[in-house]
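All remarks here apply to the structure that follows.
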């Protein structure tokens with residue numbers, strides 16, 4: 001790497017001298033414009049291939065899971081080539097919602113009741129035209145959990161459903177209380193530390209299709225919720241495997257990172273307003289629980305959580321809530337195979353908080369860590385409208401577990 005760095009510095013110096021000479025000759029003379037473009041292109045290509053495009057780091061708690069992924073989910077060992085003109089973390093994060101396509105999906109909505117009198121909105125994609133799994137009772141089911149204020153309409157969810165459709169699978173999206181347009185029947189929303197609603201959904205779906213392979217995938221906060229559930233239940237879950245994407249492993253570290261001035265401006269304040277909007281629609285339900293005027297003045301996610309979420313779920317302090325919400329503390333107790341994709345440049349989930357050592361102690365865990373990709377970005381290709389690296393990891397992993405998952409128990 002040192003030799004490569006020296007070569008690149010020498011190349012840059014030679015290019016600078018060359019371009020300096022060409023500019024003195026005159027930009028429009030002797031094809032200088034083309035020379036400039038060529039020179040910059042070569043330099044950028046060298047930098048991109050040496051510093052940007054890299055194989056992900058695969059961290060597993062056991063040789064069996066590592067070997068399984070290399071055999072049946074090879075994408076986790078291949079070089080990830082981020083979009084050449086947009087590989088920076090914030091750029092990938094900001095661009096993805098606008099540039100990626102939204103495949104059309106026809107949902108069947110179901111409202112299920114909860115023990116406290118509330119209701120949860122589930123959006124089903126039954127895939128009744130599946131030719132691979134004609135029998136609905138044995139058709140693999142993928143439970144999808146969107147991010148913080150996300151719903152079944154998010155582009156990353158639609159892409160997962162589209163890929164699942166190609167495999168012949170059925171999908172169901174778990175919309176958190178009050179975010180998908182349904183009425184809030186009780187003064188309670190959601191948080192990534194409380195897994196009661198997720199437990200209700202999992203047991204409901206399993207009761208409908210007990211003979212079907214059952215997996216789950218969670219994105220961002222949805223992944224945090226999923227990991228906290230798996231950490232609490234261990235192997236005693238109907239799920240056979242799970243995948244998470246862009247999870248915030250340590251809530252304290254996530255908040256600190258998002259409160260840095262640029263990150264606050266680009267992400268934190270906007271997400272805070274989204275949270276405020278989601279609860280303000282049901283403002284009348286919380287009048288006796290929290291000071292809604294105070295909540296609506298929050299300027300960060302931490303302030304919102306302190307004034308609303310922590311109070312709503314009975315935590316004494318925001319620190320108590322954030323400690324309970326961090327999936328890293330429960331990772332050692334996960335009892336089924338879980339693949340976790342994170343980018344080390346994700347400002348939502350700082351690399352120093354990724355629990356690499358803890359993952360090495362659990363044979364059920366595989367961390368796939370890319371050098372770039374941002375938060376739920378993972379854009380690749382010149383014009384990344386369709387499939388992202390995250391999508392490819394999702395498709396290969398769920399297919400591997402459905403078709404070859406039995407091999408893990410035999411290893």
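Cβ coordinates come from backbone N, Cα and C, glycine included.
These figures come from a predicted structure and were not determined experimentally.
These come from TrEMBL:
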type	residues	note
ACT_SITE	220	active site, charge relay system
ACT_SITE	346	active site, charge relay system
ACT_SITE	375	active site, charge relay system
DOMAIN	140-381	domain 'AB hydrolase-1'
TRANSMEM	25-49	transmembrane segment
Residue 346 (active site, charge relay system) to residue 375 (active site, charge relay system), Cα to Cα, whole Å, comes out at 5
How many whole Å apart are the CA atoms of residue 220 (active site, charge relay system) and residue 375 (active site, charge relay system)?
8
C-beta crowding around residue 220 (active site, charge relay system), within 10 angstroms
25
Please give me the CB contact count at 10 A for residue 346 (active site, charge relay system), counting all chains in the structure.
28
Take the domain 'AB hydrolase-1' (140-381) and average the pLDDT across it for me.
96
